[in-house]
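As given in TrEMBL:
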type	residues	note
ACT_SITE	326	active site, proton acceptor
BINDING	30, 31, 35, 178, 179, 180, 207, 326, 353	3-phosphoshikimate binding site
BINDING	30, 104, 132, 180, 357, 398, 423	phosphoenolpyruvate binding site
DOMAIN	18-431	domain 'Enolpyruvate transferase'
Ligand SMILES: O=C(O)C1=C[C@@H](OP(=O)(O)O)[C@@H](O)[C@H](O)C1
Ligand SMILES: C=C(OP(=O)(O)O)C(=O)O
């Protein structure tokens, strides 16, 4: 397997010299791109994915699907504009080896696809991928008829022994450690002989907007889905067996990756415009409009995009982030600079994200002079004057952007391995500099 890229260099996080005033064009959503790729690969006809995110997580997904036999061509759309991927479905073949890196979407969404391949598919990835939960996918697939060798018992590395088809049917899983277990089983379900009925039996279920995104995107390609929010049974999703359409999908900007730029407006009392902010979306990042307003900003959706203004004041917040866990590092960074304490709740599962995000945020903010304590399911943050120092990132893109947010207001913050932002936002350092120069990107 490929080694995790090592970039030991320290990146001096730029200090803001005044209020930012920039327009920042944010690349496509990781979650939409990787769902779009899987659904297009499973369709009965070719499709287009326009403005896909090109980052480590999405390139790993594209490469894995190519390895299984799917055609993914780089091209310009029929209207002559914009980069796109043309996805040409084909028979799924093993033997194959999939490198998941540390991408939750790849390690969870692809094993069900591999169960449809006609040979063994080996899954491996970064060391951290061995520690991230996968049991719900493995046990779920076994119950639906798949044979899986998981040497590491419920985690990577593992081999899915595809036989060209999967029976499907009813399955109970505990998805309290990751919503991606549910999304994974639903995304491939139209291709299971009996479709699927997934019943979540755990105590909590994080990241509901991401499950809504899965349901929405399935319906967009013609799948029939019954789900709790449109009158179905609580915690039960059903997807019927059916052929999927090849669609022409334009990927929305990644609203979670818009977070550091919105935070910059909030912290500096400036203005940041994010073009193409969708009016209607299932992305959890849309909740930033409300969260960052509560923390002191104002925003409006205009023709030129989301216009977000800081007021010069940053307020603490008491908030349940269980639906939007991936926003936690950025919110914690802003909260560390606020005028009152914050309590971030509902995110115990972040201990099993790219790194243990609750421990990492606590340690790194406290090493800059902060006062953060971990709670059972989140963080308590009491703002204190911070000082410069090295902000370690633990191969976590959102730790790097969280450090950059703090660095706007605190002189001398140095981000270790800022290149880890390549997981979802490879151009982050340049975009950050352009924003601060006022030109945007
Ligand atoms: O399905 C998705 O695209 C995602 C679901 C969430 O995962 P968890 O439910 O594991 O938090 C989220 O944190 C991750 O960044 C992307
Ligand atoms: C949790 C995240 O990613 P993954 O898809 O690897 O779970 C994230 O991007 O914040």
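Glycine is treated like the rest: Cβ placed from N, Cα and C.
Predicted automatically and left uncurated, TrEMBL annotations should be read as such.
The shown structure was predicted, so the numbers you read here are calculated from the model rather than taken from an experiment.
Sequence features, as recorded in TrEMBL, placed on the structure.
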residue : record                           : DSSP class
30      : 3-phosphoshikimate binding site  : helix
104     : phosphoenolpyruvate binding site : helix
132     : phosphoenolpyruvate binding site : coil
179     : 3-phosphoshikimate binding site  : coil
207     : 3-phosphoshikimate binding site  : coil
326     : active site, proton acceptor     : helix
353     : 3-phosphoshikimate binding site  : coil
423     : phosphoenolpyruvate binding site : helix
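When the CA atoms are compared, the recorded positions lying within 10 A of residue 104 (phosphoenolpyruvate binding site) are 353, out of the candidates 30, 35, 207, 326, 353.
Closeness to ligand 2 is met by none of the binding-site residues 35, 132, 179, 207, 423, no Cβ falling under 6 Å from the molecule. In the three-state DSSP scheme, residue 398 (phosphoenolpyruvate binding site) falls into the helix class. Separating the Cα atoms of residue 353 (3-phosphoshikimate binding site) and residue 132 (phosphoenolpyruvate binding site) is a whole-number distance of 7 Å. Closest by Cα distance to residue 30 (3-phosphoshikimate binding site), from the binding-site residues 132, 357, 398, is 398. Ligand 1 lies within reach of none of the binding-site residues 35, 357, 398, 423, judged by a C-beta closer than 6 angstroms to any of its atoms. For the recorded positions 132, 180, 326, 357, 398, 423, a Cα to Cα distance of within 10 angstroms from residue 207 (3-phosphoshikimate binding site) holds for 180, 326.
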